[in-house]
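One structure is given here, and the rest of the page talks about it.
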Amino acid sequence: MVPSSETATVRVLCQKLLLSPNHPGTLQWLIGSPFFPPFTVVSTFRCIHHSPDFQQESDDLRKLLPKGFEVIGGLIIGDSDAEKSAFEAVRAARRLRKHLSEGGELDDEKIVGASCDVGTGTIHFFISKSENTTKLEPVGSVVYEDKSGKYLWENGCLLHCELPIKLPFYYPASSPSDSKEKFSDAIDAVITQFKEPYVVYIAETLKKASGGVPKPVVLRGKDLGFGADASNINRLPSADQVSDIKMLSCSHLCLNNKTAPAVNSAENADKIHISVLLNRSEKLPTSGAPVAEYFPAMEEARLIVVDLNLDVLTYAPKDLPLMHAVSNLVIPALVDQLYSLKKIILPHLLVEHPQLRIYHFNPPGVLHPITSMYELNYGETEMKQVDVRKLLHLRLGLPLDRPLLRIANALDLSVNDDSKSNMNRRGSTLLKDVHIGIPSSGVSEGVASIIQGSYEYYHYLQDGFDDSGWGCAYRSLQTIISWFRLQHYTSISVPSHREIQQTLVEIGDKDPSFVGSREWIGAIELSFVLDKLLGVSCKIMNFRSGSELPEKCRELAMHFENQGTPIMIGGGVLAYTLLGVDYDEGSGDCAFLILDPHYTGSEDHKKIVNGGWCGWKKAVDSKGKSFFLHNKFYNLLLPQRPNMV
C-alpha cells in the first residue's frame, strides 16, 4: 500500500542527486524500482533532448535503463517557487512514462516531483497523487541513505540474456519499398515466438564458486505468466520451501558465499544467465511423419538476412519467482531491444547494415548498470563515437575528461571463477591497490587526498628479473602505466625494462648501447616514455632539497583532487611512487602515502604493509628521522590525466 504524502518518506539512494546544480531549467528524471518502497530514488538521468522531446527521450531511456528500474518522477533546477517547478517536473515525468509504455495501460500512480533552488541549492520534494490534480503535497521527510549499493545488491540480482538472431526475409524485387514492411513483419514474428508454448528458457548461475553450483532451471513458455504488475507479484520466502520448480525464486540461483566480500556493486552482484531455445520436438500425443511446405513466389524476390545480436540485462529482487522474472523482465527487455535495433537498421535496410553491438556499464556514481548500443562501423576515437559517449556522460552526470563508457569499461558478464587471480602477461600475480586498508597517517586534523582509480604494484625482482639497485624508477613507471591501463586510457601492455629503454633510444634520448644496460632513469626519461607510448603530458617539480617537499603539500593535494594519477618521486639514486598526501592546512602537518618499488619479497599484502613498503610517511618521523634527504635533489613527475571520453 502506497503511503499518504503526509507520512511518505522520499529515500535517496544515489550519491549525486544534482547533475547540473548551476544550470537553471535543467530537467532530470528520477529513477526508482517497482520492487523498492514507494518514492525511493535509485538514480537520476538528465534530460538532454530539450523542450523536452519526449519521443527521443523515451527511445533513449528504453535502451539505457534496465528492466526492473523505471521513471518515478522528475526534478527541475528552478527559481524560488519550488511547488511550481516541481509541478512542471511531475507533468514531464507523467508524459515520459506514457511514451515509455507505448500506449499500454498505466495506473494513475503517485509521482515524485522535486525542485532545486538554484540560489541556495535546497531541494524540495512533493508528491503528485493523481494525473488530474494540480495540487502537490509536500513529503513528510527525506532520507539520504548510506551504503545504498549494499542495499541494492544484497537484496537483488542481475538477469543476463544474450540471443543472436539471423533474420531472413524476402521482398519483391520490383518493389524495394516493401522491404521495410517485410522486415517489420519478421520482427513481429520473432516477438510472437517469445511467448509461444514451445519456447524454453534455461536459467543458470553466472558465477562459479569453489562449492556446489545450483542446477539450471528449465522454464517453458506455456508455464510463464505474462502481463503481471511486477510490484504486486508475490515474493517467495525461500527456495527450500517451494516444491513446484515453476515457483523457484531467483535466490535459488544466487550463491550464498559467506566468505566472499560484501556485495556492493553490479560488478560483483549475483548474476543469472538466461538462454532461449525452441523445443519444437516436444513429445506429441500422436505419431506423425515430417512435413515440409512449399510456397512458390509469385514474382522475382530478393533475400535479405539481418544479424541481430540481442543482449539484455535486468534487475530483480532475489525473492522474485524466476518465472515472473523471465516473463515480466527478460522478455519485455528483449522486445524493447528488438524494436530499438529495428529503428536503427530500417533506414539502412537495402545498403550496408550498421554493425551494432550492445554493452553494459556500471559507471562510478551510478548504482545500477546502464546499457548502450555502439556502432562498430566507427572506431572509438572517431568523432561520431566520441559524440555518442559525450551525450551519455552528460545524461549520467559523468565527468567529460575521462573514459568511463568505452568498450574496455564494459561489464564482464562471462562466467567468473573466484579462485582465479589477476595475472600479468608473464604469469606472475600482481597486487592491486595495496594502499587500501593501511593504518592512518597520524595527521590528526588532516584532509587526505589520494589517487583516483586502480593501479598494480610493480617492484624489484618481479617476473624473475633482477633489477635490484637500479630499476626502481622503471618499476614506478610500470605502476604509473598500469594506472592508465586500468582506467582504460590505453590498451598497451605495461612495458618491460628493455622496452622502456628501446623507447628512449627510438626518440633519440639515448644511444643504442643503452638497451639491455643497468642504467638508472629519472623523471625526465619517464616523461618522454609516457609521451611516446601513451601521449600523456607531465608536469615536473624540482626541489633542491628533500626538506622542501612538505611546503608543496597543498599543490600535491590539488593534483590528486584534479588529476588523480600516481606521482613518481626521484631523489638521489632512489625512486618512489606517491599515491596521496594527508595535509593539515592549519598546522602544516602532513604525511605522504608512499608505494616503495624497492620491495623484493613475494606478493603478500600483509607482509608489504607490515614492512612499511606501502604506507604513510611523515617528512620527519617521531624519532626525528627525515624520510626525504636534505642533501639530495628531488624531482617529482606529475602525469596529467588526458581530457577525453
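From the backbone N, Cα and C atoms, a Cβ is placed for every residue, glycine too.
Annotation comment: Swiss-Prot describes CYS472 (among others) as active site, evidence class similarity to another entry. DSSP assigns CYS472 (active site) to a helix. Taking all protein chains in view, 26 other C-beta atoms sit within 10 angstroms of the C-beta of CYS472 (active site).
Per Swiss-Prot, the feature active site maps to ASP596 (among others). Residue density at ASP596 (active site): 22 other Cβ atoms are found within 10 A of its Cβ, drawing on all protein chains shown. Under the DSSP three-state reduction, ASP596 (active site) is assigned to coil, being neither helix nor strand.
Annotated active site per Swiss-Prot: HIS598 (among others), in sequence order, evidence recorded as similarity to another entry.
Look at Swiss-Prot and you will find MET1 tagged as N-acetylmethionine.
For the pair CYS472 (active site) and ASP596 (active site), the C-alpha distance works out to 8 angstrom.
All protein chains included, HIS598 (active site) registers 15 other Cβ atoms within 10 Å of its own Cβ.
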